[in-house]
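Chemist: I'd like to ask you about the structure that follows.
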There are 2 protein chains.
Amino acid sequence: MKLLQDKILQEGKVLSESVLKVDSFLNHQIDPQLMLEIGEEFARLFANEGITKILTLESSGIAPSVMTGLKLGIPVIFARKRKSLTLTDDLLTATVYSYTKQESNEISISNKFIEKGDHVLIIDDFLANGEAALGLIELVTQAGATIAGIGIVIEKSFQAGGNKLREQGLKVESLARVESLSNGEVKFVKDKVEESV
Amino acid sequence: MKLLQDKILQEGKVLSESVLKVDSFLNHQIDPQLMLEIGEEFARLFANEGITKILTLESSGIAPSVMTGLKLGIPVIFARKRKSLTLTDDLLTATVYSYTKQESNEISISNKFIEKGDHVLIIDDFLANGEAALGLIELVTQAGATIAGIGIVIEKSFQAGGNKLREQGLKVESLARVESLSNGEVKFVKDKVEESV
């Protein structure tokens, strides 16, 4: 997605060989118009998958997911990283290790909003080692629902997550695929080269 | 906002005299179309306030804020409840006590995205005792910016927050104002009765 790549080149900050900071439009400040266009793109890519629900993870996955849900006309559920007192229902839980934050989080959803028969699109802001996506997949599986696909805003293709998920036969669509962050520079995977993998 | 009141009456669950659970469309599962209409309503109510930024708090404030930002054509910043390793900039912080979760959280924003000269609309999902709103106001004040107003999706008018904020002369617009949760029933403040306070 050209618009997103341009935004990353203009505003993204390369903090290390593996950390790209996009706090000015996705992870802290949010650009609502860009989120709408991201939502339109995910909706286009997954239009024919018979999706009934979108599942994401708080907090940075919420904005792109809500725009996608708006375009597809379906609800969004966000998994929580901590339990809330008002979430009194039976919870489905999975453990997710964050390499960025160097800690494990239990993520959870109520068993009320994703059910057997649901066909779920998972959306997240970043795909690196795939831990968050695998945790979300586990929640969907526990609910007895099926995975329609995985929509990622920014994939770091030099980390293992993308391959892990694609090897499982999952449809993974990343709107920007970063090949390398070496020398303080963002390089994207060339268009379509890996699309057929 | 009639649509929101109807949704609360249909799907809201009264857990106690002070806790209303709206996990099916706002706090866990999100109804994107309703969020869009909430965003349109906030945009209408604050159209002439010269707002430059929206500030909210993760996670439930994000969806209504992004829709409002879309309609007003301005960015959204969400304050974080925990520090992130990739938020390396200088942080502005405030302490917020949550009566629901019975714990204090430090909330923080980077000092990069709200600056002197900004005129900020604060949006949050609930207004009860006003702790979250007061914390967000403190962050805006620390940044040297000014408050344009406060947009609340659901106000529990029987708790002190609304009065605290209005007594400071702030423009507070709540799309649904709950007068009471007694006897397991949601009662709304009668239209316009308190609007002139």
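Cβ atoms are placed via backbone N, Cα and C, with glycine included.
Whatever TrEMBL says is automated annotation, not expert-curated.
Quick paste of what TrEMBL says about this protein:
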{"type": "BINDING", "residues": "A:LEU20, A:ASN27, A:LYS156", "note": "xanthine binding site"}
{"type": "DOMAIN", "residues": "A:38-157", "note": "domain 'Phosphoribosyltransferase'"}
{"type": "BINDING", "residues": "A:ALA128, A:ASN129, A:GLY130, A:GLU131, A:ALA132", "note": "5-phospho-alpha-D-ribose 1-diphosphate binding site"}
Chemist: Calculate the distance in Å between the alpha carbons (Cα) of A:GLU131 (5-phospho-alpha-D-ribose 1-diphosphate binding site) and A:ASN27 (xanthine binding site), and round it to a whole number.
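Modeler: A Cα-Cα distance of 18 Å.
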Chemist: Going by DSSP, give the three-state secondary structure for A:ALA132 (5-phospho-alpha-D-ribose 1-diphosphate binding site).
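Modeler: A:ALA132 (5-phospho-alpha-D-ribose 1-diphosphate binding site) sits in a helix per DSSP.
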Chemist: For 5-phospho-alpha-D-ribose 1-diphosphate, what surrounds A:ALA128, A:ASN129, A:GLY130, A:GLU131, A:ALA132 with a Cβ no more than 8 Å from their Cβ centroid?
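Modeler: Counting only non-site residues, the set is A:VAL96, A:TYR99, A:LEU127, A:ALA133, A:LEU134, A:GLN159, A:GLY161.
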Chemist: So among the binding-site residues A:ASN27, A:ASN129, who's got the most Cβ atoms within 10 Å?
Modeler: A:ASN27
Chemist: Going by C-alpha positions, which of the binding-site residues (A:ALA128, A:ASN129, A:GLY130, A:ALA132) is nearest A:LYS156 (xanthine binding site)?
Modeler: A:ALA128
Chemist: Among the binding-site residues A:LEU20, A:ASN27, A:GLU131, say which ones reach under 8 Å of chain B by Cβ distance, listed as they appear in sequence.
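Modeler: So the ones by chain B are A:ASN27.
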Chemist: Rounded to a whole number, how many Å is the Cα of A:ALA128 (5-phospho-alpha-D-ribose 1-diphosphate binding site) away from the Cα of A:LEU20 (xanthine binding site)?
Modeler: 11
Chemist: When the Cα-Cα distance from A:ASN27 (xanthine binding site) is computed for each of the binding-site residues A:ASN129, A:GLY130, A:ALA132, which gives the smallest value?
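Modeler: Of the binding-site residues A:ASN129, A:GLY130, A:ALA132, A:ALA132 has its Cα closest to that of A:ASN27 (xanthine binding site).
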Chemist: If you measure A:ASN129 (5-phospho-alpha-D-ribose 1-diphosphate binding site) to A:LEU20 (xanthine binding site) at Cα, how many Å is it?
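Modeler: A:ASN129 (5-phospho-alpha-D-ribose 1-diphosphate binding site) and A:LEU20 (xanthine binding site) have their Cα atoms 14 Å apart.
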Chemist: What is the interatomic distance between the Cα atoms of A:LEU20 (xanthine binding site) and A:GLY130 (5-phospho-alpha-D-ribose 1-diphosphate binding site), given in whole Å?
Modeler: 16
Chemist: Need one number for the xanthine-binding residues A:LEU20, A:ASN27, A:LYS156: the maximum pairwise CA distance in Å, whole number please.
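Modeler: Among the residues the record ties to xanthine, max Cα distance equals 16 Å.
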Chemist: Under 8 Å Cβ-Cβ from A:GLY130 (5-phospho-alpha-D-ribose 1-diphosphate binding site), six or more apart in the same chain: what's there?
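Modeler: A:GLY130 (5-phospho-alpha-D-ribose 1-diphosphate binding site) has long-range Cβ partners A:GLN159, A:ALA160, A:GLY161, A:GLY162, A:LYS164, A:LEU165.
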Chemist: Out of these binding-site residues, A:LEU20, A:ALA128, which one has the fewest other C-beta atoms within 10 Å of its own C-beta?
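Modeler: Among the binding-site residues A:LEU20, A:ALA128, the lowest count of other Cβ atoms within 10 Å belongs to A:LEU20.
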Chemist: Would you count the other C-beta atoms found within 10 angstroms of the C-beta of A:LYS156 (xanthine binding site) for me?
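Modeler: If we count other Cβ atoms within 10 Å of A:LYS156 (xanthine binding site), we arrive at 23.
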Chemist: What residues, ordered by sequence, lie under 8 A Cβ-to-Cβ from A:ALA132 (5-phospho-alpha-D-ribose 1-diphosphate binding site) and sit at least six positions away in the same chain?
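Modeler: For A:ALA132 (5-phospho-alpha-D-ribose 1-diphosphate binding site), the qualifying residues are A:LEU57, A:VAL96, A:SER98, A:ILE107, A:ASP124, A:PHE126.
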